[in-house]
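Notes for the one structure printed next.
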Amino acid sequence: MIYQGENLSVDYIEPGIAHLVFNAKGSVNKLNLATLQSVGEAIDALYSQKDLQGLLLSSDKSAFIVGADITEFLGLFDIPTEELSDWLHQANAIFNRLEDIPVPTLSAITGFALGGGCECVLATDFRLADETASIGLPETQLGIMPGWGGSVRLPRLIGADPAMEVITTGKPKRAKDALALGMVDGVVSRETLITDSVTMLKKAIEGQLDWQSRRTQKKAPLKLSPLEAAMSFNVAKGMIMKMAGKHYPAPMTAVKSIENSAFMDRDAALEVENKNFVALTQTDVAKSLVGIFLNDQLVKSKAKQAIKNSEPVTSAAVLGAGIMGGGIAYQSASKGVPVLMKDIAQQSLDLGMSEASKLLNKQLERGRLSGLKMAKVLSSITPSLNYASIENKDIVVEAVVENPKVKAAVLAEVENEVNEHAILASNTSTIPISLLAKSLKRPENFCGMHFFNPVHRMPLVEVIRGEKTSQQTIDRVVAYASQMGKTPIVINDCPGFFVNRVLFPYFAGFSLLLRDGGDYQQIDNVMEKEFGWPMGPAYLLDVVGIDTAHHAQAVMAQGFPERMAKNGRDVIDAMFESDRYGQKNGSGFYAYSIDRKGKPKKNIDESTAGIIATVTNTTQPYTSEQISARMMIPMINEVIRCLDEGIIASPAEADMALVYGLGFPPFKGGVFRYLDAIGLTTYLDMAKEFEHLGAVYQVPESIKQKAADDECYYPAPQSLSAPSA
């Protein structure tokens with residue numbers, strides 16, 4: 001044994017050929033701080049081997065290395081920048097020593113080689129992959145860029161243009177695509193990966209493969225003329241500005257880093273990468289995007305626990321077809337859970353099946369599923385005008401019209417048809433679950449299961465716990481949502497649950513802003529371009545449906561009269577009374593036409609101003625800062641109240657629900673990450689300016705206390721000193 005560490009070992013696989021195997025105790029290999037230190041120690045041990053002729057790197061798991069340990073990132077970002085820069089120098093010295101070892105080196109890649117794992121294999125002379133390999137540098141998706149030589153070695157290996165595409169998109173390449181780009185030198189079967197790798201290394205040792213010229217290429221400047229460089233980098237920067245925009249600086253920073261180091265050798269180029277990596281770690285964007293990743297892991301870990309605690313759902317039913325019912329049925333069937341779709345109208349069943357067929361056809365056209373698979377999914381959706389076979393279903397999702405009396409009647413009816421262990425779930429968006437449960441004999445088997453529209457695109461499912469809902473029911477519905485490929489978050493019952501409860505104060509802020517003379521187009525522009533929402537409030541209301549919003553607004557006002565009761569007629573009333581329902585009937589705040597792809601196209605409607613004029617007496621200019629504040633304060637206050645009341649369990653789950661359910665700007669990380677970033681005192685000062693506007697602008701006492709105690713919503717990252725490498 002040449003070296004034995006906790007996460008890797010090195011020994012000879014054949015005379016003269018050393019084999020470094022990543023073999024962490026867990027299910028995957030991560031290039032965490034401890035493993036990186038072990039890599040350095042192992043390489044030091046290899047340098048002392050007089051009989052060494054070649055080095056092979058591999059993993060004993062189904063993935064090579066899934067990346068760095070992201071749980072360590074926020075702690076690293078928090079250390080002084082000089083210390084972080086020094087540590088990066090030490091880490092890169094390890095990869096440089098791997099690259100400079102005076103024998104040929106090869107990485108045998110199975111499964112994921114991402115982030116630091118990819119940077120590790122880039123430091124070897126050759127890379128051989130099996131068919132399962134997936135190789136990439138996803139750092140820009142976390143608001144940073146490669147920091148262990150990835151932005152230096154990859155452009156020199158495969159060329160600037162393809163390297164910039166790999167780095168700026170953050171999307172990994174499958175084995176065959178990586179081979180076409182030159183990221184790997186061959187693709188072989190998993191069974192022969194190690195033996196083929198040894199054979200390839202022997203060829204390099206014997207001089208049949210020129211490993212030294214390959215190494216020289218990676219350490220030299222890019223082979224670009226000044227004109228080629230100017231064209232390449234200018235085109236890349238233009239595309240990045242269009243793709244990523246101003247809110248996500250990492251892709252542009254990565255391109256500029258590659259550009260500025262293009263004519264440098266490896267060591268000088270690594271200095272440029274170091275400087276840019278450190279700068280990105282200090283941005284709120286990086287902290288927010290890393291925070292989202294960690295929050296997502298928390299939510300998934302809770303779902304995994306629920307899956308362990310429950311039996312998998314093997315058959316389901318949906319009550320109420322149409323577009324929503326069809327979407328739920330499609331999602332269930334496409335993930336392997338057969339579904340009965342029941343409705344009282346044949347026309348609705350036809351619409352539901354049409355929706356499922358349409359979604360499957362799109363998958364077929366894009367090559368994401370075969371005709372055979374499409375037929376199998378469609379055949380596992382059974383449309384029915386009666387309850388035949390429903391007694392065998394594990395779970396029944398009710399998705400009928402959003403009316404409490406209708407829903408209660410349908411739920412009571414179906415409860416008599418199902419077996420006593422079956423779970424009933426309502427897809428209501430606003431009606432309290434405990435209210436609907438009053439019509440049931442077994443309320444412990446009932447909960448909310450709120451999907452978002454369109455079902456196939458929106459990742460969030462709110463699983464709502466009523467007063468009498470059992471934990472067993474919650475666990476099984478969370479497990480079913482996970483089976484469907486969704487992200488379930490458990491919410492305690494209240495009108496609107498979490499997402500809609502916090503959305504309607506935001507709409508109230510919009511109505512008040514229009515009442516006070518704001519311009520809806522400017523508001524949309526500010527909330528989209530400046531704050532970062534995918535849609536401004538007027539456009540969002542059009543997409544949701546102004547009739548739907550009008551009804552939900554009344555439900556919310558009844559549930560929270562002290563804050564959400566309207567003080568007179570507002571713009572949503574005015575639009576509703578004018579039959580301006582939004583995209584669904586072609587006219588809302590905007591007018592809609594159908595483009596060549598069959599999608600609604602937004603156009604300015606000159607008549608909208610006249611309708612808005614009926615609920616305002618003035619026109620008044622507002623700054624972007626005033627608009628953002630007036631729009632966001634009501635939502636932020638309501639989010640805080642939901643946490644205070646235990647409607648949502650943690651800041652992490654609240655932020656994920658906002659990002660996944662509403663499209664809250666990921667670069668801001670969610671409401672609680674945003675509050676921590678700007679500072680609670682700063683928020684209180686901002687809110688104080690608008691407290692005269694009414695109850696939705698009154699900040700909860702809890703945030704005042706937190707600010708007084710100098711606290712944050714998220715715990716401070718674990719303190720790390722610059723690790724020794």
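Each residue, glycine too, has its Cβ placed from N, Cα and C.
If you look up Swiss-Prot, you'll see 1-189 marked as region 'Enoyl-CoA hydratase/isomerase'. Taken from Swiss-Prot, the feature site 'Important for catalytic activity' covers GLU119, GLU139, and the record attributes it to sequence analysis. The annotation substrate binding site is assigned in Swiss-Prot to ASP296, ASN500, TYR660 on the grounds of sequence analysis. Under the heading region '3-hydroxyacyl-CoA dehydrogenase', Swiss-Prot lists 311-725. Residues or ranges marked as NAD(+) binding site in Swiss-Prot: MET324, ASP343, VAL400, VAL401, GLU402, LYS407, SER429, ASN453.
Structure coloured by features recorded in Swiss-Prot.
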residue	record	Cβ neighbours (10 Å)
GLU119	site 'Important for catalytic activity'	28
ASP296	substrate binding site	17
MET324	NAD(+) binding site	21
ASP343	NAD(+) binding site	22
VAL400	NAD(+) binding site	23
GLU402	NAD(+) binding site	16
LYS407	NAD(+) binding site	23
SER429	NAD(+) binding site	23
ASN453	NAD(+) binding site	15
ASN500	substrate binding site	22
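Cα-Cα distance from TYR660 (substrate binding site) to ASP343 (NAD(+) binding site): 29 Å (rounded to the nearest whole number). Summarised as a single figure, the pLDDT of the region '3-hydroxyacyl-CoA dehydrogenase' (311-725) averages 95. Each residue contributes its Cα atom, and for VAL401 (NAD(+) binding site) and ASP296 (substrate binding site) these two points are 32 Å apart.
Nearest in space to MET324 (NAD(+) binding site), taking C-alpha to C-alpha distance over the recorded positions GLU119, GLU139, ASP296, ASN500, is ASN500. Between the CA atoms of ASP343 (NAD(+) binding site) and ASN500 (substrate binding site) there is a gap of 26 Å. Closest by Cα distance to ASN500 (substrate binding site), from the recorded positions GLU139, GLU402, LYS407, SER429, ASN453, is SER429. Within 10 Å of the C-beta atom of TYR660 (substrate binding site) sit 23 other C-beta atoms, taking all shown protein chains into account. Cβ neighbours of GLU139 (site 'Important for catalytic activity') (same chain, under 8 Å, six or more residues apart in sequence): GLY115, MET145, PRO146, GLY147, GLY150, ILE167, GLY170, ALA250. Nearest by CA distance to GLU119 (site 'Important for catalytic activity'), out of the binding-site residues GLU402, LYS407, ASN453, is ASN453. There are 10 other CB atoms within 10 A of the CB of VAL401 (NAD(+) binding site), with all protein chains counted. According to its DSSP assignment, VAL400 (NAD(+) binding site) is coil. LYS407 (NAD(+) binding site) sits 32 Å from ASP296 (substrate binding site), taking the Cα positions as reference. Taking every pair among MET324, ASP343, VAL400, VAL401, GLU402, LYS407, SER429, ASN453, the residues listed as contacting NAD(+), the largest Cα to Cα separation comes to 19 Å. Cα distances from ASP296 (substrate binding site) to the binding-site residues VAL400, GLU402, SER429, ASN453 are smallest for ASN453. Pairwise Cα distances among ASP296, ASN500, TYR660, which the record gives as the binders of substrate, peak at 21 Å.
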